[in-house]
Amino acid sequence: MGLLDQKFDKGGVVITAAENVLNWARLSSLWPMGFGLACCAIEMMATNASNYDLERFGIFPRSSPRQSDLMIVAGTVTFKMAERVVRLYEQMPEPRYVLSMGSCSNCGGPYWEHGYHVVKGVDRIIPVDVYVPGCPPRPEALIGGLMKVQELIREEKFAGDRREAIERLKPKKVKAEDVIVETSASAKKLQEAAS
């Protein structure tokens, strides 16, 4: 017996908004692309193992950005790697989401104060939707972050001009030199505040 063989109390019609159906389909088939850069990647790989079974949430990891709708940035993002992170993000189709996993990708981690080579948070180069704290976060925390992304998708509205929203979400072109100048300026402020 299937669902359509059963009688409905008030007729045989189900009414809902089209955006609810689209959001349900997108959140039930989330395809993340893992971008593992350091020790957080080990925990991300553990999350993909059979102990946690991400497929029960409809999450199927992909290795190509062109097939992914979620980028998981796990680990330390250096200035050399920042350009590649932006390039992969730009190759992802819309709508796209970013999950920042671990202290290093959230805010620079232990390299925050003295690491001249580390981006002080991946949100300086691409927009981040969900942050997962920890050093490194446990697989359970990553699963919680993935469920938070699914909640964001469930509540998304398509009303209004979508092109304007897409333009607002597009990352600005960032060069490593600009971030280095900004970082050195903030380092000077920290030194002045310490003295």
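Including glycine, each Cβ sits where the backbone N, Cα and C put it.
The following features are taken from Swiss-Prot:
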- C39, C40, C104, C135: [4Fe-4S] cluster binding site (BINDING)
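Structure with Swiss-Prot features highlighted.
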| residue | record | Cβ neighbours (10 Å) |
| --- | --- | --- |
| C39 | [4Fe-4S] cluster binding site | 16 |
| C40 | [4Fe-4S] cluster binding site | 28 |
| C104 | [4Fe-4S] cluster binding site | 30 |
| C135 | [4Fe-4S] cluster binding site | 12 |
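Listed in sequence order, the residues A38, A74, G75, T76, M101, G102, S103, S105, G109, G134, P136, P137 complete the 8 Å Cβ shell around the [4Fe-4S] cluster site centroid, once C39, C40, C104, C135 themselves are left out. Annotation note: C135 ([4Fe-4S] cluster binding site) sits in a coil segment as assigned by DSSP.
The DSSP secondary structure for C40 ([4Fe-4S] cluster binding site) is helix. When secondary structure is read from DSSP and collapsed to three states, C104 ([4Fe-4S] cluster binding site) falls in the helix class.
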